[in-house]
């Protein structure tokens, strides 16, 4: 499934045209100050490309969860200010995303100018994918570009609805890169392919583990979910997090890995804590020596060595989810070691894909984000794509 992208649009296709671009400007704010503008910068290649080709660029995004009401603190004005600084040109801030005032503002745009529509989620119809709202949103544009991978797994008016009223409908550079890396890793990986799955719960990663067991050569499991696997093996896990209703599933996943010939690696030692706190007392033990009253919050140093050895010959790696409670420095060593290992492997030619969510925060915290082949910008969207699901926002785009 190859989707049309902005690369397929010539200057003649877009010059003088009104191009509606769905971006993800859901950035963290402290008052009116943007504390991290990564998502704004990530959209710049698509925006600049359209400016250079002489389009009238109309950007739309959600911000926070205003639940269909106008919430003053969730207006996109600070985003327009920052975007204007990054582009080095003015950005017209609209007072709504549909209606006469928006139409008037867009009609004033010259070729190569940019307007930002107000928060889409001030209208409940956005998340409901209301056709009438989608039609109003599309009425001010000629064609559509989706560059918001983080919301591609949702069928909203701005991600799916508008495509029924505009043509062509294409992917921006960000979505194109996501599809190139994530789909290639699943459908046609360079082998050996190793998947590293972490996080606290097996339940949230069942789909991705099951899909990757069909695709990968080795599967490394870390994070809180390891204790469900240990308990399923009959080991004592103390006060560690366990999903008792997933013990049979854990057994079946291990059995499936064996049946498929996939190396299934669980930690051999863990770092225990006497309570869930950054200053808890800690000790490292073998997995068969976990005592009552203690909980595992990280993988141990022996496990790190075993995992590093398993990763040494890999050509592709997908990492989703931390190895421990990396927010606490005392229990971040496992996650940090894996991040550094992947950074080194990238330097040797391995394709390293950080599949969204907490693993992205982890590689950023360690300072090796720029050393990975690809960092996915979507949390839920990355997981669903890795699970092999169809994402509505991608399915709605034109085929090549």
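Keep in mind that glycine also has a Cβ here, set from the backbone N, Cα and C atoms.
Going through 18, 39 against Swiss-Prot, the one listed in the substrate site together with 24, 25, 26, 62, 63, 64, 65, 121, 154 turns out to be 39. Under DSSP, residue 327 (ATP binding site) is assigned to coil, being neither helix nor strand in the three-state scheme. Here the Cα atom of residue 296 (ATP binding site) is found 34 Å from that of residue 64 (substrate binding site). In the three-state DSSP assignment, the secondary structure recorded for residue 296 (ATP binding site) is strand.
Candidate binding-site residues: 26, 359. Fewest other C-beta atoms within 10 angstroms, 26. Local packing around the binding-site residues 24, 327, 358 was summarised as the count of other Cβ atoms within 10 Å of each Cβ; on this measure the leading residue is 24.
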